[in-house]
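Listed in TrEMBL for this protein:
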type	residues	note
TRANSMEM	B:12-31	transmembrane segment
TRANSMEM	B:51-77	transmembrane segment
TRANSMEM	B:89-110	transmembrane segment
TRANSMEM	B:130-148	transmembrane segment
TRANSMEM	B:181-202	transmembrane segment
TRANSMEM	B:208-230	transmembrane segment
TRANSMEM	B:237-255	transmembrane segment
TRANSMEM	B:267-284	transmembrane segment
Ligand SMILES: Nc1ncnc2c1ncn2[C@@H]1O[C@H](COP(=O)(O)OP(=O)(O)OP(=O)(O)O)[C@@H](O)[C@H]1O
Ligand SMILES: [Mg+2]
């Protein structure tokens, strides 16, 4: 489903701030795989997500989604394959627009937009049903502005918007990190259920080790722009936080440097 | 107490207010919907006036001349949009650059600084000034308002609004924000030029300087309207903008009646905008202080009892 070959990315080349953010990354995802990604600060996790979604472009290497080469395809064109949820709850919705208008925008992800009304009567019914699946009462608030929602509610809405049109690829970059533990748990549960239900091919960055182990069927650890550990479904079932930390130390010869790491959930 | 001169002046201001309201709607589209402070307006208003005037005085049907003016405004807006998106120049500067360029272009279009239309047939020739005028032009302005309201609810309209609201989000849903910005700024300046074309026909002349300060007048209309009539929904804001534009003209008329020097009008406009912009903040602060004071008193009482 996703093929990343020999991808590297350098920021500020030739300047004193030069930074090799990604170095010869190879990653192949099969359809339906749910991969969690952990790694130290500045490991290049967000950069990888941005390269996949077309916010940034690789200096060398190639990326394809399905059978489509997307290496130089601009972000807006690539969006037809990709659903995304950002870390910042503000980032995923348009605050001055209503919930139904936000959903209408998401419904046309990657499609042509014309002069027909964004929110049609039939849509409303469908939106309501979709919102109801979140189970947090948003289905009665179609006309409420997204800016009025709490962080958790907004993140749930963003998750719905990213997934209800069944993207080929779902990218989640620490999408629960800005929430309090209870809200984070809610979004995690919703994520698990939605990914399962639509069998979405998913990449999820998290700082929560326990979560990274519990969710998904493959785990990747990144450090200094490289993938240093890639654990498949079989092995992952037996994985514990201690084993993971031990693996990191064994490979890097140093403790995991991550000021935000959460060991347990 | 008030002579008939006063009422004539008010009527005339109301009429003008309706024509300028179209320009204010254009300013609303850039400033509020797109969050793009577009200063092209000062130039494109004159472009509209100039194209209409030169068209009409060279024998074109007034309607055709007006439509041509609209196209000219749209083109000017498109240029500003392209300067910003393709040239990566910030919105304010893009608008200023286009405004300056238009000063020269407008003179090229008009050929001279002032074109009179007094003996020409215009869109308003058969329309009696006064009540009839206000009814017909008022209806036209409302139709434009409803079209804009409707447009902002279409798929493209939603994308346009989201571009101003959260560009990163709308890009992630497949919209090329460069395009929505160009569309929005074009639409805005098309409206501004339409307003310029109509004002020229109303006043019977087009002047090279007629657009100067137009952006502030547009902003004043938007801000006064929002401050007084609220901005809960789009339909409400656009209506507020129309009323704001008319109200602004009436305020000026009253000021002129009170013998404020007409050279001071731009100063007065600036003061009105500053006032309307700071008023909501001051009101909010006062409310906040009152609440804090009340809470402090309550908490002291609780403390005293405990
Ligand atoms: N736009 C940019 N310009 C310059 N350097 C950047 C840019 N974006 C990221 N970097 C650098 O590239 C490296 C990788 O950053 P990235 O954001 O991908 O890390 P991350 O793994 O997501 O880290 P975190 O866990 O802190 O989110 C970092 O050293 C960062 O400072
Ligand atoms: Mg990151």
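Cβ from N, Cα, C; glycine included.
When Cβ-Cβ distances under 8 Å to the transmembrane segment (B:237-255) are tallied for each of B:12-31, B:51-77, B:181-202, B:267-284, the top count falls to B:12-31. Listed stretches B:51-77, B:130-148, B:181-202, B:208-230, B:267-284 were compared with the transmembrane segment (B:12-31); the greatest number of C-beta pairs under 8 angstroms is found for B:181-202. Remark: the transmembrane segment (B:181-202) contacts the transmembrane segment (B:51-77), by the rule of 3 or more CB pairs under 8 A. Under 8 Å from some Cβ of the transmembrane segment (B:267-284) lie the Cβ atoms of residues 213, 216-217, 219-220, 223-224, 227, 248, 251-252, 255, 260, all in the same chain and six or more residues away from its ends.
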